[in-house]
Amino acid sequence: MEILTGKQIYQADKETIKNQGITSLELMERAGTVCFNWIHQRLQGNPVKILIFCGIGNNGGDGLVIARHMHQYGYNVHCFVVNFSDKRTEGFLENYDKLKDAGVWPTVIKSVDDFPEITAQDVVIDAILGIGLDRKIEGFTVDLIKHINTPQSYTLSIDIPSGLFADKSISTTDTVIEASHTLTFQRPKIAFLLPENEPFIYTWEAIDIGLDENFIASLKEVKHFIVEKRDVQSMYKVRDKFSHKGNFGHSLVIGGSYGKIGAVTLTSKAALKSGSGLVTALIPECGYDILQISIPEVMVEVDSEKQIELFQYVSQPNVIAVGPGIGTLDKTISGFEKFLKSNKLPLVIDADALNILSINKKLLELIPENSILTPHPKEFERLVGKWKNDHDKLNKLKKFVTKYKIVVVLKGANTVIAFNDELYFNTTGNPALATAGSGDVLTGIIVGLVAQNYLPVEAAIFGTYLHGKTASLAVSKTGIETFTASTILEYLGEAYLSLFTEDTPKQAPPPASKKPPQDTDDELYV
Ligand SMILES: NC(=O)C1=CN([C@@H]2O[C@H](COP(=O)(O)OP(=O)(O)OC[C@H]3O[C@@H](n4cnc5c(N)ncnc54)[C@H](OP(=O)(O)O)[C@@H]3O)[C@@H](O)[C@H]2O)[C@@H](O)CC1
Ligand SMILES: [K+]
């Protein structure tokens, strides 16, 4: 699914009006009605007190449409106009009149004295500012947003939490609605995927307001995508009837050191379980028995007694994962440097191998094109330096992958896969994945997919999706705390199978508590 910029959404808005022969007012009516239907489906006439805060632009116009429908359906709705400017849009003005015609006279908020009381039991609808926000919010609107955030009531934001910019970072002094849920129009905005916006975006969904899909599909400059089930389904390689293990590649996993044989064991097992035909582990001698006993299917070659120093192997892999548990002892560092100078095979580089690269950045030049690096944010920072905010981080990421012609899997709540100047945001998974060895397993899954001839960027996208999906599937049975890296391996089969089974449709969170539990993947739809 494309992630669109504010500018692209405004273009789609214009094209839709032109191509469908409708007025902008009709489009606003449609958008507001879709939001109302969403709310009505969940509230079913519940007498809860609903406070709708409308700005004076088109986001406010949407709020007024919602207020009118809610009033007509007998909801206990209270509408407020947030008078932060005198420049009302036509959409606002027309719907203001329509609302009054329907018998609702909104309360105009001009100062702090006009703020209504809000309790934790109330539902708030935030239609103060949308994607038209282009500067810092000032004056009483800042206080109003804080006032809305205080009681921890359920807050539904329309299009985007007010105060959040669609395409740039907010500053630390900015005030933003902390939305419990956001109904965004047609496509997500990149702001929803950035860790820095976590306090403001809890769950979100893109709702179909009938914008011109052909126009959206024709947009050439879209560079950001959300990875969906259908994307990975289309990547999946079906096995031929007459295939044999030789068709599915040979992964070599280089890693481990005394006390960290578990890491390389997890990676090797993951490579095997993601479908690599053969897997060999090159490990320190001290890990020989451990690995052989843990995974009889994996072949083992050994290096020095307690760490990897020589990086020499006799097996004939088609891809190599390097780094899990490898450590940063001097001999390992110099061995890795020598290895990079002679190696021609594509690599999946993780953990301490990444740290070695950040100690000596010249080594980055030696990484074969199409290799995959899988840093977590701290490892990535060591490679590229500090960033000012998440947009700056994503720019650094794009520059880094284009410079070295590689793929980077930047791990996090929404792991980002970067290739060329494109970014793919993963949405499977949950905090259960924040557990020791989780990254080692991801490296193994990805290397196993590259071994099977998945394109590196596909292996990265597919592998990250599957890895996250295991947690999405498992957590209702295991809980978050008992879910470990080994659980990821246990559920990998189910994650594969889930690609070909229908998801049970999920109800979006009811307006009952501020932060309902979320499993992101299945909540998204357009
Ligand atoms: N996508 C679609 O197809 C559809 C979109 N729709 C809806 O339209 C929304 C966008 O509406 P919008 O363009 O009127 O902007 P909105 O966010 O309401 O802001 C209003 C104005 O406020 C101003 N302003 C900006 N920053 C400010 C600040 N810090 N403090 C004070 N003022 C500030 C600025 O005006 P300025 O003062 O710069 O002239 C701005 O224009 C969109 O989010 C969605 O809800 C649907 O209705 C139909 C289909
Ligand atoms: K809003």
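We number each residue from 1, going along the chain as drawn.
Backbone N, Cα and C atoms are what each Cβ position is placed from, and that goes for glycine too.
The domain 'YjeF N-terminal' annotation in TrEMBL covers 9-217. Across the domain 'YjeF N-terminal' (9-217), the model assigns an average pLDDT of 96.
For H376 ((6S)-NADPHX binding site), the same-chain residues that are 6 or more apart in sequence and have a Cβ closer than 8 Å to its Cβ are L410, K411, G412, G439. The (6S)-NADPHX binding site annotation in TrEMBL covers 58-62, 130-136, D159, A263, G325, H376, D440.
As annotated by TrEMBL, K(+) binding site applies to N59, D126, S162. Around N59 (K(+) binding site), a 10 Å sphere centred on its CB holds 27 further CB atoms from the protein chains shown.
The domain 'YjeF C-terminal' feature in TrEMBL is assigned to 228-499.
Close to T415 (AMP binding site) in the fold, though at least 6 residues off in sequence, lie V409, F425, N426, G429, T464, G468, each with a CB less than 8 Å from its CB. According to TrEMBL, the feature AMP binding site maps to K411, G412, A413, N414, T415, G439.
Residues annotated as region 'Disordered' in TrEMBL: 503-526.
Listed binding-site residues: D159, T415, G439. Those with a CB atom under 6 Å from ligand 1: D159. Annotated AMP site K411, G412, A413, N414, T415, G439; additional same-chain residues within 8 Å of its Cβ mean position, judged by their own Cβ, are H376, L410, V416, N426, G429, L433, T464. The binding-site residues near ligand 2, defined by a Cβ under 6 Å from one of its atoms, are N59, D126, S162, chosen from N59, G61, D126, S162.
Sorting the binding-site residues N58, S162 by the number of other Cβ atoms within 10 Å puts S162 first. When the Cα positions of K411, G412, A413, N414, T415, G439 are compared pair by pair, the longest gap among these AMP-binding residues is 14 Å.
In the structure shown, the C-beta of D126 has more C-beta neighbours within 10 angstroms than that of any other entry among the binding-site residues D126, D134, D159. Sorting the binding-site residues G61, G439 by the number of other Cβ atoms within 10 Å puts G61 first. Other than N59, D126, S162, the residues of this chain whose Cβ falls within 8 Å of the Cβ centroid of the K(+) site are, in sequence order, F53, G55, G60, G63, A127, I128, L129, G130, S157, I158, D159, I160, P161, G163, I177.
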